[in-house]
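Feature annotations, reproduced from Swiss-Prot:
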type	residues	note
BINDING	GLY13, PRO14, THR15, ALA16, SER17, GLY18, LYS19, THR20	ATP binding site
BINDING	THR15, ALA16, SER17, GLY18, LYS19, THR20	substrate binding site
REGION	38-41	region 'Interaction with substrate tRNA'
SITE	THR104	site 'Interaction with substrate tRNA'
SITE	ARG126	site 'Interaction with substrate tRNA'
REGION	162-166	region 'Interaction with substrate tRNA'
REGION	245-250	region 'Interaction with substrate tRNA'
Amino acid sequence: MLISQPPAIFLMGPTASGKTGLAVELVQAMPLEIISVDSALVYQDMDIGTAKPGQEVLQRAPHHLIDVIDPMQVYSAAQFREDALRLMADITARGKAPLLVGGTMLYFRTLEQGLGGLPEADAQVRAELDREAAKIGWPGMHAKLAAIDPETAARLQPADSQRIQRALEVYRLTGKSMTALHRQQAAEILPYRLLKIALQPSDRSVLHARIAERFVAMMKGGLLEEVQGLLKKYPGLHPDMTSMRCVGYRQTLEYLAGNIDDEAWKAQGIAATRQLAKRQLTWLRGMDDTLVLDCLEQDVYGQAQRAISGFLSAV
């Protein structure tokens, strides 16, 4: 069954791990097209602080889902999933495989697993259900469940208080039955066979040094002027907007407001980027069925190329 599904490749990694450079090399040698999986690169006019690929790179290796909205707008994980699925179908129809490249792990998870899923336990709702059960008993609660979710109720004994409570809790939190949510989740499973590649550094200190060098280069390369230009072009832009919460932009706004000096701007920008990398690596460690490649290895391209070639030929 899986072998008949079209192939897709995830190329994931923390910021400054070399994802873009590797992806560009791969698409020039293989039948792939890049879809950006980056919540910062979706914004127009935000080039320096997002380390957006330059025009020369984009001409050699076009990236989908770059520059899709302006900084005043919001782009959700749900919107990403919708756009990515459409693009993946188009790429597949052209006889190529989608190469999804980036570090926004929530987007990767949403694409792979869908938007469904059950809500976390809610102490207040559970307390309400316990009070109701104290009055009418769990068989009475089971009857309530049968009225809204007969399929789940049919699988449960009237005395199965824990599962009855959970099913009623889910309904009260979402307005949907457990049965409906499970069906929704099944329908959202990604209809592709996946190769998931994670770039991770064998030496975290080298990644930290890269991050520091890159942020300093952004400062010298016009980050301040870029943010000044954004404020001029989009007068309603403010620090609480999603676009301005991107790493580097928040700190630059603080500097422009006179709240921090040059050294603090630099230090806070580097620290925030390192924190982002730490969160990205934590997500990656929790992902299943992932091929981990050391992004500091000289032959990382060769390793990725061989893995993808083998994956694409397995049809």
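Even glycines carry a Cβ here, placed using N, Cα and C.
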Near the region 'Interaction with substrate tRNA' (162-166), which residues from the same chain, at least 6 beyond its ends, have a CB less than 8 A from one of its CBs? 121, 126, 129-130, 133, 138, 141-142, 145, 153, 156, 178
Long-range Cβ contacts under 8 Å made by the region 'Interaction with substrate tRNA' (38-41), restricted to residues 6 or more beyond its ends, are 49-50, 52, 63, 65-67, 75, 80, 102-104, 106-107, 243, 246-247
For ARG126 (site 'Interaction with substrate tRNA'), list the number of other Cβ atoms lying within 10 Å of its Cβ atom. 15
In whole Å, note down how far the CA of ARG126 (site 'Interaction with substrate tRNA') lies from the CA of LYS19 (ATP binding site). 45
Between the C-alpha atoms of THR104 (site 'Interaction with substrate tRNA') and PRO14 (ATP binding site), the distance in angstrom, to the nearest integer, is 9
Those residues of the chain, 6+ apart, with a Cβ under 8 Å from that of ALA16 (ATP binding site): LEU207, ARG210, ILE211, ARG214, THR273, ALA277
Segment confidence, the region 'Interaction with substrate tRNA' (245-250), expressed as mean pLDDT: 94
Please work out which residue of THR15, GLY18 has the most C-beta neighbours within 10 angstroms of its C-beta, and give that one of the binding-site residues. THR15
Could you give me three numbers for the region 'Interaction with substrate tRNA' (162-166), the DSSP helix, strand and coil residue counts? 5 helix, 0 strand, 0 coil
Within 10 Å, the Cβ with the most other Cβ atoms among the recorded positions PRO14, THR20, THR104 is that of PRO14
Is it possible to list how many residues within the region 'Interaction with substrate tRNA' (38-41) are helical, extended or coil according to DSSP? 0 helix, 0 strand, 4 coil
In the chain carrying GLY13 (ATP binding site), residues 6 or more apart in sequence that have Cβ under 8 angstroms from it: LYS19, GLY103, ALA198, LEU199, GLN200, GLN280, LEU284, CYS295
At a 10 A cut-off on CB-CB distances, which of the binding-site residues SER17, LYS19 has the highest count? SER17
